[in-house]
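Visitor: Following this message is one structure expressed as structure tokens.
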Amino acid sequence: MLDKHGRKINYLRVSVTDRCNLRCVYCMPPEGIVKKEHDNIMRYEEIFKVVKSASLLGVNKIRFTGGEPLILKDIDKLIYNTSKINSIKDIAMTTNAILLEDMVEELKKDGLKRVNISLDSLKEDRFKSITRGGDINKVFKSIEKSLSIGMKPIKINTVIMKGINDDEIDDFMNLTKKYPISVRFIELMPIGEGRKLYEDSYISSEEIISKHSDLIPVETDKSSTALLYKFKESKENIGFISPMSCKFCSGCNRVRLTSEGTLKPCLHSEKEVDLKNYVDSSQALLSKINETIYNKPLEHHMIEEKESKSKKMMYQIGG
């Protein structure tokens, strides 16, 4: 469907849980996280009702996120049932891949089309530091398994932070020369824990691109959040997602469902609508989703204000 600004909204990002098995420095605090009661988190059946209703309004792309989505007990069932909705053409997942190796083959059979893997360092000790305890070898094994079963495309999402991992930019880029893997560099955002790092660690996509004159621009879909490039010898693309230096609001085609059941028309807006009160009435749920999508804000003002209006952490909204 179209929002009131004429944008076609066909993409729903679904945070299935706010829980995670890592504690990445820009996403979650190291401690003090209060686990929400199950009654305050959407159940699998409720999530599916929202997905089904959104599909009736023209949503044909679904991405499951977290927290860490593979923690959800019914994630396989959710993917399978979503794949049976005829109008849904693309089912993707963003994961830290710690649990992916043993699950990816069955998830692919269930209907998962592609995965984005959050990976902010290729160095074992640094990865452990950034994630506060993660085992990078589990991620590497998950990538290998995903490649071996033909999961494609596989994209690596890397948040670049000055003085923390920016010395690995070339190493990440070179992955696209060796493997059929895309890499996405994401600008650090002043949201949640990222606010504490932003002033010292933000680095713009433009700064990275300017240092790599051999990058070749690739034609990009209008609704894409990434500007795409590749090297002459690349097997896949290198993307730059630049919410701070080059916002993509004019072509935005997505809304987000949080694990608490609120629908956010914009990641960086305070506005959100609680859908949990409507899931028992299909018509009321459809109407409320329709209304929220139609009233999606024209744009965010994070570039000018240097801060997201969202009061939630990224793990609560969905990465």
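From the backbone N, Cα and C atoms, a Cβ is placed for every residue, glycine too.
Got these off Swiss-Prot a minute ago, pasting:
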type    : residues                                            : note
DOMAIN  : 4-219                                               : domain 'Radical SAM core'
BINDING : Arg13, Arg63, Thr94, Lys155, Arg254, Val255, Arg256 : GTP binding site
BINDING : Cys20, Cys24, Cys27                                 : [4Fe-4S] cluster 1 binding site
BINDING : Tyr26, Gly67, Ser118, Met189                        : S-adenosyl-L-methionine binding site
BINDING : Cys249, Cys252, Cys266                              : [4Fe-4S] cluster 2 binding site
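If you look at the structure here, what lies around each of the features I listed?
Guide: Mean pLDDT across the domain 'Radical SAM core' (4-219) comes to 96 in this model.
Long-range Cβ neighbours of Arg63 (GTP binding site) (same chain, at least 6 residues apart, Cβ-Cβ under 8 Å): Tyr11, Leu12, Arg13, Val14, Ile91, Ala92, Met93, Thr94, Asn116.
The secondary structure of Cys20 ([4Fe-4S] cluster 1 binding site), as reduced to three states from DSSP, is coil rather than helix or strand. Just so you know, the Cβ of Cys20 ([4Fe-4S] cluster 1 binding site) picks up 20 other Cβ atoms within 10 Å once every protein chain is counted.
Its Cβ taken as reference, Gly67 (S-adenosyl-L-methionine binding site) is surrounded by 25 other Cβ atoms within 10 Å in the chains shown.
Listed in sequence order, Leu298, Glu299, His300 are the same-chain residues six or more apart from Cys249 ([4Fe-4S] cluster 2 binding site) with CB atoms under 8 A from its CB.
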Visitor: Measuring CA to CA, name the entry from the binding-site residues Cys24, Cys27, Ser118, Cys266 that ends up nearest Lys155 (GTP binding site).
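Guide: Closest by Cα: Ser118.
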Visitor: Rounded to a whole angstrom, what is the C-alpha distance between Cys252 ([4Fe-4S] cluster 2 binding site) and Met189 (S-adenosyl-L-methionine binding site)?
Guide: 17
Visitor: I'm trying to understand the geometry here, so how far is the Cα atom of Arg254 (GTP binding site) from the Cα atom of Cys20 ([4Fe-4S] cluster 1 binding site), in Å to the nearest whole number?
Guide: 23
Visitor: Using Cα-Cα distances with a 10 Å cut-off, which of the binding-site residues Gly67, Val255, Cys266 are near Cys20 ([4Fe-4S] cluster 1 binding site)?
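Guide: Those near Cys20 ([4Fe-4S] cluster 1 binding site) - Cα within 10 Å - are Gly67, in sequence order.
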